[in-house]
Amino acid sequence: MTYIVTDACVRCKFMDCVEVCPVDCFYEGENFLVINPDECIDCGVCEPECPVDAIKPDTEDEADGKWLKINADYAKVWPNITVKGEPPADREDFERETGKFEKYFSEKPGKGS
């Protein structure tokens, strides 16, 4: 098992999860974070840190592993992030919205740290 970041992170990107990860397995996109499933040690300390409940065990993945694939693919090309940055100023406007991945996801990498 590994943990994955899901749709709820898009445009919110709080990053509380980043600083508690003991193996630094988070990677940063412009408006979304992912977990590298090959680096995640399944400890679960990141899951309760997310205020929008975007982090789930891959056993709760929907759509035949959609989120596991997204996390694995983008962890290969986005920079590693180990220090919490500033979340987007407008994040509260998107916290309760659903279907954010299809509407707002950006493939552009973040800055990393």
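Every residue, even glycine, has its Cβ placed from backbone N, Cα and C.
Model confidence over the domain '4Fe-4S ferredoxin-type 1' (2-30) is summarised by a mean pLDDT of 95. Residues annotated as domain '4Fe-4S ferredoxin-type 1' in Swiss-Prot, with sequence analysis given as evidence: 2-30.
The Cβ of Cys17 ([3Fe-4S] cluster binding site) lies under 8 Å from the Cβ of Phe26, Leu33, Cys46, Glu47, Glu49, Cys50, Ile55, each of which sits 6+ residues away along the same chain. Look at Cys17 ([3Fe-4S] cluster binding site): DSSP puts it in a helix. Taken from Swiss-Prot, the feature [3Fe-4S] cluster binding site covers Cys9, Cys17, Cys50, and the record attributes it to similarity to another entry.
According to Swiss-Prot, the feature [4Fe-4S] cluster binding site maps to Cys21, Cys40, Cys43, Cys46. Contacts of Cys43 ([4Fe-4S] cluster binding site) defined by a Cβ separation under 8 A and a same-chain sequence distance of 6+ are given as Pro22, in order along the sequence.
Positions annotated as domain '4Fe-4S ferredoxin-type 2' by Swiss-Prot: 31-60. Within its own chain, the domain '4Fe-4S ferredoxin-type 2' (31-60) has Cβ neighbours under 8 Å at 1-18, 20-25, 67-68, 70-72, 74-76, 78, 81, 88, 95, 101, 104-106, 110, counting only residues six or more beyond its boundaries.
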Please work out the number of neighbouring Cβ atoms within 10 Å of the Cβ of Cys21 ([4Fe-4S] cluster binding site), leaving out its own Cβ.
20
Around the recorded [4Fe-4S] cluster site, report the further residues of that chain (criterion: Cβ within 8 Å of the mean position of the Cβ atoms of Cys21, Cys40, Cys43, Cys46; site residues excluded), sequence-ordered.
Tyr3, Cys17, Val20, Pro22, Val23, Cys25, Ile35, Ile41, Asp42, Gly44, Val45
